[in-house]
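> First the structure, then my questions, so here it is.
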Amino acid sequence: MSAQIIDGNLLSQQLRQDVAARAAALTAKGNQPGLAVILVGADPASQVYVRNKVKACEDNGVFSLLEKYQADMTEAALLARIAALNNDPKIHGILVQMPLPKHIDPTKVIEAISPRKDVDGYSVLSAGELLTGLPGFRPCTPYGCMKLIESTGTKIAGKHAVVIGRSNTVGKPMALLLLQANATVTICHSGTADLGYHTRQADIVVAATGRRNTLTADMIKPGAIVIDVGINRDDNGKLCGDVDFAAAKEVAGHISPVPGGVGPMTITMLLVNTIEAAERETN
Ligand code: NDP
């Protein structure tokens, strides 16, 4: 039997209705939630990402401020802009689109964002809050993956979850969120000796490598939940994930597609974090 497709667009729509209602309530109290999006340089993929983020704000009653700068902007000038936005009461969330040009240190930039406005959840403080189980901003992509997993109605506690990938923005926070939900978690990476050995034991697999066909059907336990974070191109230039979707959906119980799975959820969780930031500042 074919897997149930986890529809990230549909779940996003549902969550964005709640976002819009909360945004309207905040606006009625005179504190419309606001997100500043900063893009340095003209990376084509980044331009699409920031456009989508700004549009999602506009569609859901969140004020957005898009600031685009030339690739030769100095690090000092960017840090000064962030300092100004940290003090701007109309702005509750600040997002600096990655990657930055090579002459700018991304860590310095992320750490310059006020912890109250770190809606990407990339700062060391936010990472520490997640690690220690304190409330705080969760990185949007793994946060969205958790919502996708929860949407299947499967109890996460007690399940074996395997996360493939250990980046600071996806793999590691994903593993911590699953741990927090009482899954037993295994983290795999490029040094893992036998990836399939681990994934075949998994009730939940999250693939976040950025490599096509990292997870093939023979590596999936029948009935497992498969979440595909990867964004890749196939030989025909078509968007695809890390999972061999066509074959994997014949084995998995639930599977998220690419596109239409994790992608829309990432932006939705950015909106959720921005609303939460604004709600914290509103009486
Ligand atoms: P990184 O390149 O930072 O990390 C990739 C991770 O995958 C690394 O930990 C790497 O291991 C591991 N890896 C690579 N190849 C293999 C392999 N063959 N077997 C096992 N592990 C492997 O990428 P990100 O975490 O930033 O992103 C991952 C993917 O998700 C990308 O395709 C990215 O575009 C996509 N993405 C999608 C988003 C969305 O909204 N849909 C948002 C963010 C990312 P090691 O650490 O050993 O090098």
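Cβ coordinates come from backbone N, Cα and C, glycine included.
Heads up, TrEMBL stuff is auto-annotated, nobody curated it.
Under the heading domain 'Tetrahydrofolate dehydrogenase/cyclohydrolase catalytic', TrEMBL lists 6-120. According to TrEMBL, the domain 'Tetrahydrofolate dehydrogenase/cyclohydrolase NAD(P)-binding' annotation covers 139-281. Sequence annotations record features per position, and here TrEMBL assigns NADP(+) binding site to G165, R166, S167, I231.
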> Please count the residues of the domain 'Tetrahydrofolate dehydrogenase/cyclohydrolase NAD(P)-binding' (139-281) that DSSP assigns to helix (H, G, I), strand (E, B) and coil.
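Helix/strand/coil tally for the domain 'Tetrahydrofolate dehydrogenase/cyclohydrolase NAD(P)-binding' (139-281): 52 helix, 26 strand, 65 coil.
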> Could you say which of the binding-site residues G165, R166, S167, I231 has its Cβ with the most other Cβ atoms inside 10 Å?
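Neighbour-count leader: G165.
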